[in-house]
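Lifted from Swiss-Prot, the feature list:
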- Gly39, Asn40, Ile41, Ser42, Ala43, Gly44, Lys45, Thr46, Tyr47: ATP binding site (BINDING)
- Glu63, Tyr75, Gln86, Arg115, Asp120, Glu180: substrate binding site (BINDING)
- Asp114: active site, proton acceptor (ACT_SITE)
Amino acid sequence: MFRRSLMFMISNNKNTNMVSSINTTNKVNNFSKIIILEGNISAGKTYLSSKLGDLLGYKVFLEPTATNPYLSLFYKEPSKYALIMQKWLLNQRYNTFLNALQYSLENEQGVILDRSVYSDWVFAENCRSEGLISAEGFKEYNSIRDRFLSNIPIPNVTLFLDVDPKQCLQRIQNRKRDCEQSIPLSYLSGLDNCYKKFLIEMKSKGSNVIILDWNNFGDINLVLNEINNDNFNNFNNSNNSKFNDVNYKKQQLISDIENEKNNLKEMKFFLNENNNNNNQEKIKS
């Protein structure tokens, strides 16, 4: 069931709720862990994240596809909407990560993210490789992504559901979402290739990566064992040194997150059609 080609430490602490409150346990290195659940379209992420959340007592944060104003447009005219949609999704996923991080700090509780700001790159890179995002547009995207990632910790755990693209296509056809029916196999295969590169990146960053063969789904209890039988470091390989600073207070970090969320509300670049190098029609932000 499991392929462990990219494997390292995950928490073996079965007690998911810390006893101490923020006021008494206020050092950054007392975080509960952050898990990101990744995989191709229709790999089974949402179902598994919900089940793991229930069993671990973790809060689940879903990706913002339900409110994506560009998704159906992208599937119909990918070259027109690729960059603007990826910048919108990058912004939304960053905001979701900030919310999850703040929740974990305030509640001393682990969190699971169904996709993340980290894996947003997979979709952008796939669009770039297919010629849907120009080199200049991709450079712009990466500059935004780098800025976002510099403000957040690296996830403790990266769970990847490894599903053959043909199987993903079959599941897409079976769930019959209108906006997805035009997705070609080549697009899913491209995402699969980009995800493999992404996992190497996450390993190099210091996240704890487990690859799960999910072609026939799997036993959730075995997934739990994989998580609980390993150890994890708090943010020892973080993008930002403050997550490793034992003297940095949780309340200060929460304040930093709030400030960043407020800053994000003021950012309009992700909807700025003037910077879209694919000559998209102007959409009001």
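Cβ from N, Cα, C; glycine included.
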Coarse DSSP state, helix versus strand versus coil, of Glu180 (substrate binding site): helix
Candidates Gln86, Arg115, Glu180, namely the binding-site residues, that fall within 10 Å of Ala43 (ATP binding site) by Cα distance: none
Neighbouring binding-site residues, C-alpha within 10 angstroms of Asp114 (active site, proton acceptor) - of Gly39, Lys45, Gln86, Asp120, Glu180: Gly39, Lys45
From binding-site residues Gly39, Lys45, Tyr47, the one whose Cα lies nearest Glu63 (substrate binding site): Lys45
Cβ neighbour count within 10 Å of Ile41 (ATP binding site): 19
Among Gly39, Ile41, Lys45, Tyr47, which are recorded as binding-site residues, the nearest neighbour of Tyr75 (substrate binding site) by Cα: Ile41
Whole-number Å value for how far Ile41 (ATP binding site) lies from Glu180 (substrate binding site) (Cα to Cα): 9
Fewest-neighbour residue among recorded positions, criterion Cβ within 10 Å, set Glu63, Asp114, Asp120, Glu180: Glu180
Three-class DSSP secondary structure - Ile41 (ATP binding site): coil
Cβ packing number for Lys45 (ATP binding site), 10 Å threshold: 25
Residues close to ATP site centre defined by Gly39, Asn40, Ile41, Ser42, Ala43, Gly44, Lys45, Thr46, Tyr47, Cβ within 8 Å: Leu48, Leu161, Val163, Cys168, Arg171, Trp214
Residue from Gln86, Arg115, Asp120 whose C-alpha is spatially nearest that of Lys45 (ATP binding site), among the binding-site residues: Arg115
Binding residues Glu63, Tyr75, Gln86, Arg115, Asp120, Glu180 (substrate) - maximum C-alpha distance in whole Å: 19
Residue from Gln86, Arg115, Asp120 whose C-alpha is spatially nearest that of Tyr47 (ATP binding site), among the binding-site residues: Arg115
